[in-house]
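This report concerns only the one structure given below.
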Amino acid sequence: MTIKNVRTQSPLVLTYANFVTPQFVANVVNVIGGSPLMSREVSEFNDLCQIAHAVVINIGTLKANELSDIVTLSKVATNLDKPVILDPVAVAVPFRSKAVQTLMREGHVDIIRGNAAEIAWFADIDFDSQGIDATGSGDVIAIAQLAAEKTGAIIALSGAKDVISDGHQTAVIETDVPLLSTNVGTGDALSSMIGAFVAESLTMENVTYTMATFKLAGLKASHQITTPGFYSMQLLDELAAITSEEVATFMTESVQYL
Ligand SMILES: Nc1ncnc2c1ncn2[C@@H]1O[C@H](COP(=O)(O)OP(=O)(O)O)[C@@H](O)[C@H]1O
Ligand SMILES: Cc1ncsc1CCOP(=O)(O)O
Ligand SMILES: [Mg+2]
């Protein structure tokens, strides 16, 4: 849905957050017009999924004894027809790989948003990474398409080139804003922001729209601020101020459909 609709409907995005970035993630969902809520308590997942419009699972600081909780969360959400977005932080690290394999096998995920290295893991393609960061290079379009085919999920690959693919259709946004990668948590925030935009309908178009909106806000912020600290604040302000018309124009100029 468009920003206008997000602002009128204020969808509730339930995030199983990591303990590093939840404040920034909540603020991004909030300024864009959604309603953020974080929980890691399995006994309230049923109640929370009833009122949530989308559920985001971030494995950034997952512990072994929480794995069954995220599987449960994905199943409860899916049974209630709420879209589930996975942020597979540093998924190539073995504990995380096994956790995500279990989640995909025993639970359900509709959308996967990650950087190129994280998405390459789902495609079974080697891509250099250092922890949370993608450090290598590769054919990100082929990686996103293959990851979508292998997982059946909509893939949102982020980076200098964003690629969104459901395995049939692919959209590319190539707008370089290096400052966007200077803050820890921008990826996490983007994953939860996707939740707000797919609340009404789980489509590749809505995922593409979110990626374009975030990129445009990042681009506008980079015209105002050139240092990382204040940049993250400016990004929040740009997200709060961005209009449907601006996003529509940016999408016409910058989104390429393959
Ligand atoms: N070099 C870059 N140029 C433009 N945008 C970027 C760049 N690196 C990251 N981004 C943007 O930053 C946001 C977070 O993506 P990314 O840094 O890939 O995620 P993560 O923080 O999970 O690694 C996305 O909107 C992505 O498009
Ligand atoms: C540093 C760190 N460690 C575990 S999760 C996390 C944050 C990852 O945030 P992002 O992937 O959005 O940069
Ligand atoms: Mg990340």
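Quick reminder: no glycine exception, Cβ is built from N, Cα and C everywhere.
Over in TrEMBL, the protein carries these features:
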{"type": "BINDING", "residues": "M38, G185", "note": "substrate binding site"}
{"type": "BINDING", "residues": "R113, S158", "note": "ATP binding site"}
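All features noted in TrEMBL, drawn onto the structure.
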| residue | record | DSSP class |
| --- | --- | --- |
| M38 | substrate binding site | strand |
| R113 | ATP binding site | strand |
| S158 | ATP binding site | strand |
| G185 | substrate binding site | coil |
Request  = Filter the candidate list M38, R113, G185 of binding-site residues, keeping only entries whose CB is under 6 Å from an atom of ligand 2.
outcome  = G185
Inquiry  = Please report the distance from the Cα of M38 (substrate binding site) to the Cα of S158 (ATP binding site), rounded to the nearest angstrom.
reply    = 23
Ask   = Hey, how far is S158 (ATP binding site) from G185 (substrate binding site), Cα to Cα, in Å?
value = 13
Request  = Rounded to the nearest Å, what's the C-alpha distance separating R113 (ATP binding site) and G185 (substrate binding site)? Just drop the number here, would you?
outcome  = 13
Key: CB within-chain contacts under 8 A for G185 (substrate binding site), separation at least 6   = V20, T21, F24, V25, S232
Ask   = Taking the Cβ of S158 (ATP binding site) as the centre, how many other Cβ atoms fall within a 10 Å radius?
value = 26
Note = So R113 (ATP binding site), by the Cβ count within 10 Å over all chains shown, scores 31
Message = Given M38, R113, S158, G185 as the binding-site residues, which ones have a Cβ positioned under 6 Å from some atom of ligand 1?
response = S158
